[in-house]
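Enquirer: In case it helps, TrEMBL gives these features for our protein:
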type	residues	note
ACT_SITE	Thr199	active site
ACT_SITE	Arg200	active site
ACT_SITE	Asn201	active site
BINDING	Gln198, Arg200, Ala296	sulfate binding site
BINDING	Gln198, Thr199, Arg200, Asn201, Gly292, Arg293, Asp294, His295, Val334	ATP binding site
BINDING	Glu435, Asn436, Thr437, Arg438	3'-phosphoadenylyl sulfate binding site
DOMAIN	176-388	domain 'Sulphate adenylyltransferase catalytic'
DOMAIN	396-548	domain 'APS kinase'
REGION	1-170	region 'N-terminal'
REGION	396-574	region 'Allosteric regulation domain'
SITE	His204	site 'Transition state stabilizer'
SITE	His207	site 'Transition state stabilizer'
SITE	Phe331	site 'Induces change in substrate recognition on ATP binding'
Amino acid sequence: MANTPHGGVLKDLYLRDAEKNESLRAEAAALPSVILTDRQLCDLELILNGGFSPLEGFLNQKDYNSVVENMRLADGLLWTIPITLDVSKEQIEESKIEPSKRIALLDPRDYEPLAILTVEDVYKPDKSKEAKLVYGADDSAHPAVSYLHHIAKEFNVGGSLEAVQSPSHYDYVSNRYTPTELRAHFKKLQWTRVVAFQTRNPMHRAHRELTVRAARQRKAHLLIHPVVGLTKPGDIDHYTRVRVYKALMPKYPNGMAELSLLPLAMRMGGPREAVWHALIRKNHGVTHFIVGRDHAGPGKNSQGVDFYGPYEAQDLVEKYKSEIGIEIVPFQMVTYSPDTDEYIPADEVPEGVKTLNISGTELRRRLKTGLPIPEWFSYPEVVSVLRQSHPPRNRQGFTVFFTGLHASGKNAIARALQVSLNQESTRSVSLLASENTRTELSSELGFSRSDRDTNIARQAFVASELTRAGAATIVAPIAPYAEARDKAKKTIEKSGGFYLVYVATPLEECIKRDRDGIYERAKRGEIKEFTGLDAPYEVPINADLTIDITKQSVSQAVHEIILLLEKDGYIGSA
Ligand SMILES: Nc1ncnc2c1ncn2[C@@H]1O[C@H](COP(=O)(O)OS(=O)(=O)O)[C@@H](OP(=O)(O)O)[C@H]1O
């Protein structure tokens, strides 16, 4: 028998409201609406499907205060994290949000109505108090506190929900189970004791070992229940992680473990979050839950000290275990013993026995540089998934961004660089030359500062997309303004390498080299706002390389760029 839901009844609002679905849909289409944020969307999905039972809506003020102050809903039931629908003053006015009004809640991706909220109250939360009591400190180094102060709007709307439809998913659909579906699945498999493992990271051999140990000790089956909603900023994306989990699943004995994805928006709330995670798992029918050292920890505060002690989460869960109603299995750290080729609990390692480990930082270094990742640490199938998503530098994309006056020689160097890079077989090479960008991308733009800024921003956008896809991208605009170049750098750097190459040919030399006589025409006033004449060129102070074509040949310039790329590992084998 699957575990009893928190509060006794699984609040699957889809099932509850199925009969009136047609009328709810029709009503939702005519109601004022609120477009959900990504976090609210995750929260809504788990309210509607019963993952957050006993909640049937977003917290009203009474429940909110009670959860913040006492970790309980107003009726006394344990609930540790406030689930709120935050809105701005403008949204309140625009949608006329007030008690007893009905509001349609829309999916931010396609504006489909997902639920109807019957408003109970609108209140202004004390965000600093919430930060201190729920997350332990009013310190914006905590991601949930930063969210509260910088992203969450000023007011909360409390009220109950009626389900219109579930948010659509297009990724890993067959691995997503609602609590009702998971309970039915356990029934089909005849699983009665199930240990759930929560994770927001890739899983390796040690995780397989510790989960199997937990199952063995409790004579239970295993549910790998990773979070695919919102996790800690900087985490490995969920697409890669799910591919990792899928590669890992065949490593469990047949029939021992199942994978289900949880669309949860984590808060990184440590102890309170651990209790919340346990309640969510209970709602999914699970009987046992693994709680780790520093469970859902946000890392260090602004003073460089950990927000929570390593065992605070386990202690809080332990304190409320009878109310939580799920058996907590403390996460047993395991470590590899090379002499016996096995994983053993870290606290049971006999004195003098050598153990090995690879830290997260070391793993990232090995992925970045292409260094081997040993089989004792992870399965080749898992490593291959990680390598696909984290190719070494010599397979990552980069952009070489030239800047310089007209006829400075940048176009010739850019073309020669393109040819030189084409010799490498590892990447496709794209050149965005002015003659193409000015006709294809920016044909309606002139040469005012704002038009030039737009032109550079568009090229940066295209370069960034190409770089993300792994291409070697060369752009060669004049790009006379430092601010636009800096913005381009920021845009492109998110996707891969960025090199600013300043072709510093003096104006007189450019005029001499200008075969088409464009400078002459500009001097005669036939072309206005010409860079170097009656429009400025701001000399870069942050170029990665400066080239003076009066002193270097094109081929020497290209070689210098190649040397720079090689030094950073973008060219040549690692
Ligand atoms: N007013 C004015 N100022 C500068 N350049 C002008 C102007 N009008 C036309 N051209 C021709 O357009 C080419 C420069 O376009 P860019 O897209 O590189 O300019 S910018 O980066 O947006 O400033 C540049 O050619 P290349 O230097 O050969 O690319 C110029 O010949």
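The backbone N, Cα and C atoms fix where each Cβ goes, glycine too.
TrEMBL labels come from automatic prediction, so no person has curated them.
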Enquirer: Taking the Cα of Val334 (ATP binding site) as the centre, which of the recorded positions listed as Gln198, His204, His207, Glu435 lie within 10 Å of it?
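Expert: Among Gln198, His204, His207, Glu435, the ones whose Cα sits within 10 Å of that of Val334 (ATP binding site) are His207.
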Enquirer: In three-state terms from DSSP, label His204 (site 'Transition state stabilizer') for me.
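Expert: Where His204 (site 'Transition state stabilizer') sits, the three-state DSSP reduction gives coil.
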Enquirer: Can you list which of these recorded positions (Gln198, Arg200, His204, Asp294, Val334, Arg438) have a Cβ closer than 6 Å to ligand 1?
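Expert: The ones that qualify, in sequence order, are Arg438.
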Enquirer: Other than Gln198, Arg200, Ala296, which residues of the chain come within 8 Å of the sulfate site, judged by Cβ distance to the Cβ centroid of those residues?
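Expert: Counting only non-site residues, the set is Thr199, Val227, Thr231, Met266, Glu273, His277, His295.
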Enquirer: Let me spell it out: for each of the binding-site residues (Asp294, Glu435), count the other Cβ atoms within 10 Å of that residue's Cβ, using every protein chain shown. Which one has the most?
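Expert: Result for the most crowded candidate: Asp294.
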Enquirer: Over the region 'Allosteric regulation domain' (396-574), what does the predicted model average in pLDDT?
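Expert: Within the region 'Allosteric regulation domain' (396-574), the model's average pLDDT equals 95.
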Enquirer: Please give me the recorded positions out of Gln198, Asn201, His204, His207, Phe331 that lie within 10 Å of Gly292 (ATP binding site), comparing Cα atoms only.
Expert: Gln198, Phe331
Enquirer: How big is the Cα-to-Cα gap, in Å, between Phe331 (site 'Induces change in substrate recognition on ATP binding') and His204 (site 'Transition state stabilizer')?
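Expert: About 15 Å separate the Cα atoms of these two residues.
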Enquirer: Including all protein chains displayed, how many Cβ atoms other than that of Thr437 (3'-phosphoadenylyl sulfate binding site) lie within 10 Å of its Cβ?
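Expert: Total other Cβ atoms inside 10 Å, all chains included: 20.
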Enquirer: Mind computing the max CA-CA distance among Gln198, Arg200, Ala296, which the record assigns to sulfate binding, rounded to whole Å?
Expert: 9
Enquirer: Quick one: pull the CA-CA distance for His207 (site 'Transition state stabilizer') versus Glu435 (3'-phosphoadenylyl sulfate binding site), whole Å only.
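Expert: It is 55 Å, counting Cα to Cα.
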Enquirer: Return one of helix, strand or coil for Thr199 (active site), based on DSSP.
Expert: coil
Enquirer: Counting other Cβ atoms within 10 Å of each Cβ, which of the recorded positions Gln198, Thr199, Asn201, Asn436 scores lowest?
Expert: Asn436
